[in-house]
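A quick write-up on the structure given underneath.
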Amino acid sequence: MKVTFITGNKHKLSEAEKIFHDTGIELEHADLGYPELQGTLEEVARYGAEHAARIMDGPVIVEDAGLFIRALKWFPGPYSAYVQDTIGNRGILKLMENVEDRYAEFRSAVGFCAPKSEPEVFLGVVKGRIGTEERGTRGFAFDPLFYPEGMDRSFGELSTIEKNRFSHRSRALKKFAQWYTENYEVI
């Protein structure tokens, strides 16, 4: 069965295509903007999926993700895209100067909705820490700052295949794929 991924982010699309490759889910793409509520990742994903399903008149997924840093009271959280666009990685590093507690989580919420149905949300989390400098040129956004638990390389130093083994987005998309293949006829 086809599902349309609503995103303007080519990196997210590439990650999703690789994850769905062997699932039987045919992923289509539409760069359709949708209003993002000022709320939790789950609320944004739920609303975005429902809104997009009505407009597209078909099953859709949306994804919202954020970097949550414990020492910064879980900032930037759901405001990660705005923070990335304004202060960027250098701004995060500046906020983290002389901070010992470097614990952070990347969280992802994948929202699914089909016309005339209630939206479903699937969560993925990966724990790690914020480095003291940017490392790596792969990935996007905060990837060069984030070191997954037990690794000495940042997300920015990992290939998409390596990152997809355990990233927050991969975990949320895999939960969705399992649910979707069990609840919808996959052709």
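Each Cβ is built from the backbone N, Cα and C atoms, and glycine gets one as well.
Asn9 (substrate binding site) counts 16 other C-beta atoms within 10 Å of its own C-beta, drawing on all protein chains shown. The substrate binding site feature in Swiss-Prot is assigned to Thr7, Gly8, Asn9, Lys10, His11, Lys12, Ala65, Phe140, Ala141, Phe142, Asp143, Lys163, His168, Arg169; the stated evidence is sequence analysis.
Counting every protein chain shown, 28 other Cβ atoms lie within 10 Å of the Cβ of Asp64 (Mg(2+) binding site). DSSP gives Asp64 (Mg(2+) binding site) a strand state. The Mg(2+) binding site annotation in Swiss-Prot covers Glu36, Asp64 and rests on sequence analysis.
Summarising the annotation, Swiss-Prot assigns active site, proton acceptor to Asp64.
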| Euclidean distance between Cα atoms of His168 (substrate binding site) and Asp64 (Mg(2+) binding site), Å | 11
